[in-house]
Amino acid sequence: MISQWRVLAAHADFRRLFAGGSVSQLGSTVTSVALPLTAVLLLDASPLQMGLLGAAGFLPHLVLGLPAGVWVDRWPYRRVLVLTDLIRAVALAAVPVLAALGLLQIWQLAVIAVVTGTCSVFSAIAEGSFLPDLVPRGELLAANSAIAIRNSVASTSGTALGGLLVQLLTAPVAIILDAVSYLGSAVCVARIRVPGHRSAPARERRFLRDIGEGIRVVFGRPELRALTTSATIGALAGQLQAVVVMLFLVRDLQLAPALIGILLAVSGVAGIAGAAVGVPITRRLGHGPAYIAGTLVSSLAGVVLALAGGPLPLVLAVVVTARLLQGWGPTLYGINQQTLRQTLIPTDLLPRAQATWRFLVFGMQPVGALLGGVLGSFVGLRGTLVAGSVIMLAGTVVAWLSPLRSLRELPDQPASAAGASDLDTSGTDSGATGPGVTGSGVTGSGVTGSGVTGSGVTGSGVTGSGLAADGRASSV
């Protein structure tokens with residue numbers, strides 16, 4: 001773990017980004033427990049309603065994913081991060097207010113999920129594109145590993161704290177912590193000295209052409225096509241599972257909120273360990289094989305969780321095992337996926353390419369959420385968990401059958417912007433060294449690191465990488 005802390009010690013602006021994310025992650029992980037429990041316990045949500053709630057949070061990725069990259073490309077990254085933090089703080093503060101007035105309904109949670117999900121689209125693109133400006137290219141793996149450790153620590157403490165706060169104060173009140181955390185994050189990010197703004201190229205900027213460039217970069221090489229396809233399949237499967245996890249723990253296993261929080265925190269502990277050893281494992285296996293290994297471990301978690309039942313000690317043992325798998329696997333594949341994208345893509349194409357990635361990967365999460373809600377209603381919660389694991393395993397197979405299996409070292413230099421724009425979509429490289437997609441695609445699940453709910457408000461899901469519970473740097 002020395003390399004992770006060295007990169008923090010060496011770069012003050014990265015420390016500020018790291019600190020802001022730490023505060024926000026803790027609050028967001030609390031919400032990843034409190035929000036679905038609000039829907040389940042206070043509003044008596046059905047599996048289908050939980051699916052709709054999960055879809056609402058990820059719908060902005062589908063609708064705004066492509067244009068958001070073009071817009072962020074034209075704005076200072078620091079400003080985008082601060083503004084989205086402030087908007088999310090206000091949106092989440094509405095939950096306890098509405099609950100106190102006796103006005104809270106499922107549709108209102110869905111609206112709040114859309115608002116916070118929209119902010120997460122912009123903030124994740126901005127942060128993923130910002131990081132290469134704050135640390136040298138050779139230190140990106142260590143920086144991403146440090147972020148994964150941070151988020152796993154937040155997941156560990158936040159889920160346990162979230163369950164306890166729900167038990168003591170009610171679920172809506174617990175969400176106040178997340179609103180406050182976004183304010184703290186905004187203060188930290190505002191102190192970053194580098195705005196992250198790049199002047200527009202001399203050529204005329206055209207909206208549709210810029211979107212097209214992002215798409216060409218994502219599919220420019222067979223390795224990147226496989227990475228995108230694998231992650232997209234994983235995002236669908238992870239969100240399919242995520243929308244039924246809380247229902248399964250509460251209704252099938254009949255666990256108390258405080259115990260649920262503690263159990264869910266186990267994935268955070270595994271995530272810490274996974275991030276700590278992620279760098280040496282990657283050096284031993286290589287980036288591509290390490291990514292594939294992480295997806296394989298992740299695909300086992302849903303099957304193991306579905307086996308839970310019987311006496312309480314046995315239930316706890318099975319759930320803990322599932323959470324260990326869910327914490328370690330996504331962290332390993334998340335830091336490698338993130339580093340591959342940030343390293344291989346030309347710097348000036350980062351926002352647009354990342355937006356395309358998020359559109360494809362996160363765009364499948366509303367589909368997964370709705371499918372999970374429907375399957376949960378018709379085949380049961382256990383069957384839905386198993387189905388998600390089978391689909392997730394298909395994504396692992398896609399990665400294994402691709403050049404990712406032999407991609408061990410990264411090229412010394414990224415492709416030029418010009419070379420990246422002219423890439424042959426057949427997988428032949430036109431003089432470029434290999435552009436990729438940057439940023440944070442699902443933990444979250446594209447989704448996030450907590451693996452708690454997939455509610456959409458925090459971007460958490462069963463396949464979260466541990467790169468972010470709030471969707472800011474999440475990776476699927």
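Placement of Cβ uses the backbone N, Cα and C atoms for every residue, glycine included.
Unlike curated entries, TrEMBL annotations are predicted automatically.
Database features, via TrEMBL:
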| type | residues | note |
| --- | --- | --- |
| TRANSMEM | 23-43 | transmembrane segment |
| TRANSMEM | 50-71 | transmembrane segment |
| TRANSMEM | 86-104 | transmembrane segment |
| TRANSMEM | 164-189 | transmembrane segment |
| DOMAIN | 223-476 | domain 'Major facilitator superfamily (MFS) profile' |
| TRANSMEM | 226-249 | transmembrane segment |
| TRANSMEM | 255-278 | transmembrane segment |
| TRANSMEM | 290-308 | transmembrane segment |
| TRANSMEM | 314-335 | transmembrane segment |
| TRANSMEM | 356-379 | transmembrane segment |
| TRANSMEM | 385-404 | transmembrane segment |
| REGION | 412-476 | region 'Disordered' |
| COMPBIAS | 433-464 | compositional bias 'Gly residues' |
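Same-chain neighbours of the transmembrane segment (385-404): 222-223, 225-227, 229-234, 236-238, 240-241, 244-245, 248, 288-289, 291-292, 295-296, 298-303, 305-306, 368, 372, 375, 379, 462-463, counting only residues six or more beyond its ends whose CB sits under 8 Å from a CB of the stretch. Residues 227, 230, 234, 237-238, 241, 245, 248, 253, 278, 281-282, 314-315, 318-319, 321-323, 325-326, 328-334, 336-337, 340, 382-383, 385-386, 388-389, 392-393, 395-396, 399-400, 404-405, 462-463 of the same chain sit 6 or more residues outside the transmembrane segment (290-308) yet have a Cβ under 8 Å from a Cβ within it. Most Cβ pairs within less than 8 Å of the transmembrane segment (86-104), among stretches 50-71, 164-189, 356-379, belong to 164-189. Tallying C-beta pairs under 8 angstroms between the transmembrane segment (50-71) and each of 23-43, 164-189, 356-379 places 356-379 first.
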